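According to TrEMBL, the protein has these features:
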type: TRANSMEM; residues: 12-32; note: transmembrane segment
type: TRANSMEM; residues: 44-67; note: transmembrane segment
type: TRANSMEM; residues: 79-98; note: transmembrane segment
type: TRANSMEM; residues: 118-143; note: transmembrane segment
type: TRANSMEM; residues: 155-174; note: transmembrane segment
type: TRANSMEM; residues: 186-209; note: transmembrane segment
type: TRANSMEM; residues: 280-298; note: transmembrane segment
type: TRANSMEM; residues: 327-347; note: transmembrane segment
type: TRANSMEM; residues: 359-375; note: transmembrane segment
type: TRANSMEM; residues: 381-398; note: transmembrane segment
type: TRANSMEM; residues: 523-546; note: transmembrane segment
């Protein structure tokens with residue numbers, strides 16, 4: 001995939017990725033002051049911010065699998081992108097106008113008005129975080145459908161990571177600007193209304209551009225034989241059948257059918273993950289926990305730990321001024337992190353070609369862990385800010401390489417996702433059992449021979465060894481069904497699992513970091529915990545299957 005036309009098409013295709021990240025970053029950054037102004041206590045505010053990730057953990061596997069099996073005339077992924085984009089637009093409208101909506105919808109006392117305003121704010125925040133985060137899953141699956149070759153897929157997800165980082169830079173800068181003095185703010189009603197109106201405009205343009213550029217290929221997961229079509233153009237029954245067929249193939253009906261009929265199978269596939277995906281997701285979870293622990297609490301660490309300010313001090317006092325100055329410096333560090341991530345996203349494909357995926361992944365996490373340790377030990381503002389910028393390397397890597405590897409696993413399912421050698425029934429009435437045939441991979445590329453040797457990259461076993469044939473039953477479940485699930489699972493479901501690790505990495509720190517810091521009475525534990533998670537992520541990253549050679553170990 002070379003040439004400026006291909007690169008420009010990738011930029012346009014990922015414009016919604018950039019728009020989503022701008023809206024989520026700017027919206028979530030601006031939400032805490034709005035919640036505090038509405039009367040929400042600080043201890044409950046963090047719980048409100050956790051609503052979106054928790055809902056995402058529940059619904060991401062359903063949406064990912066439903067997009068794999070959707071048979072809409074608009075494509076498999078785009079209907080879900082439209083549906084989730086509408087949720088984002090609704091949230092961007094509700095959040096700045098919660099007070100006006102509450103005043104128009106409520107009656108009676110002002111106390112009831114305030115309760116309704118808080119409820120609308122919570123609804124808007126949860127909807128923005130949920131739809132914004134979940135919408136990335138069908139976008140990633142759309143990229144995987146359009147770019148199937150490994151090199152093209154790597155470039156596509158490198159551009160995806162670049163647009164996410166660019167959106168983060170813009171999203172963090174927009175709330176920092178003063179919109180209250182402009183003419184637009186005068187007509188719209190204030191700072192919040194002006195900011196969110198701009199976010200709505202940016203998001204609508206990005207949605208339209210991505211939907212215009214993307215043309216989905218035909219589904220690789222065939223839903224079944226098509227129904228015979230009878231053409232009665234003048235018949236009312238025919239028109240009704242056409243409308244009914246279009247309704248059934250829509251994203252909402254596809255999602256409802258999935259929830260009704262496939263939920264047990266989806267969550268069985270969600271739990272019985274192939275070995276290669278298990279190792280990748282475990283490393284991804286630990287790595288994201290390190291990065292997200294750093295990003296969520298870095299500004300508070302700089303304000304309280306480095307500048308020795310006190311957030312609860314009275315406004316105008318020296319302690320409060322030091323804390324506010326530290327918050328601004330911490331925001332600068334996060335902006336530099338996004339800028340560094342943008343740079344590494346641009347050169348990620350070249351780094352992978354030069355050094356390999358394993359070296360790039362491990363070096364990024366080593367760089368992150370060392371940077372976090374230096375931040376823990378240093379009192380220099382300049383050094384801490386420089387180290388925070390270096391953590392952008394890991395941020396770019398975690399948004400690129402795991403998705404490229406997942407595309408590679410699905411492209412060569414027979415190699416990476418072969419879970420068992422049990423019997424597989426066929427539609428012609430014959431059954432291939434474990435004793436019928438033994439296909440092995442020779443040392444040459446792509447040679448299949450009926451002889452013993454290295455089987456699909458695994459260490460060969462003798463037929464008389466107890467580990468040669470896996471048990472037909474494990475924990476009461478028949479492995480034939482599990483193998484069947486591996487063959488039918490789509491890339492959308494595995495992307496959903498990867499995105500779930502990102503959401504889970506936000507839930508854990510928000511639940512436990514406060515207790516850890518309260519017990520140790522030191523905000524340095526925020527960064528120390530991220531360094532510990534980074535070290536654990538390095539350990540599990542050494543077990544990731546990057547190519548067929550890793551299957552032998």
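For all residues, glycine too, the Cβ spot is worked out from N, Cα and C.
TrEMBL does not curate its annotations; it predicts them automatically.
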Checklist line | For the transmembrane segment (118-143), sequence-distant contacts whose Cβ falls under 8 Å of one of its Cβ atoms, 6 or more beyond its ends | finding: 13-14, 16-17, 20, 23-24, 27-28, 31, 34-35, 38-40, 48-49, 51-53, 55-56, 59-60, 63-64, 67-68, 76-78, 80-81, 84-85, 87-88, 90-92, 94-95, 98, 101-102, 153, 156-157, 160, 210, 214, 216, 403, 490-492, 495-496, 499, 502-503
Check: What stretch, picked from 44-67, 186-209, 280-298, 327-347, has the most CB pairs under 8 A with the transmembrane segment (12-32)?
Finding: 186-209
Next item on the list: Counting only CB pairs under 8 A, let me know which of 44-67, 79-98, 155-174, 280-298, 381-398 has the most with the transmembrane segment (523-546).
Entry: 280-298
Notebook entry, point to check: Is the transmembrane segment (327-347) in contact with the transmembrane segment (280-298), using three or more Cβ pairs under 8 angstroms as the rule and ignoring pairs under 6 apart in sequence?
Noted result: yes
Margin query: Tell me whether the transmembrane segment (155-174) sits in contact with the transmembrane segment (44-67), defined here as at least 3 Cβ pairs under 8 Å among residues 6 or more apart in sequence.
Written below: no
Checklist line | Distal contacts, the transmembrane segment (359-375) - CB-CB under 8 A, six or more residues away | finding: 287, 290-291, 294, 301, 344, 348, 351-352, 383-384, 387-388, 390-391, 393-394, 396-398, 401, 527-528, 530-531, 534-535, 537-538, 541-542, 544, 546
Notebook entry, point to check: When you scan the chain for residues with a C-beta under 8 Å from the transmembrane segment (381-398), skipping those not six or more beyond its ends, what do you find?
Noted result: 161-162, 165, 284, 287-288, 290-291, 294, 298, 302, 306, 329, 332-334, 336-345, 348, 360-361, 363-365, 367-368, 371-372, 374-375, 534
Checklist line | Beyond the flanks of the transmembrane segment (186-209) by 6 or more, those residues with Cβ under 8 Å of it | finding: 12, 15-16, 18-20, 22-23, 26-27, 30, 34, 81-82, 85, 88-89, 92-93, 95-97, 174-175, 178-180
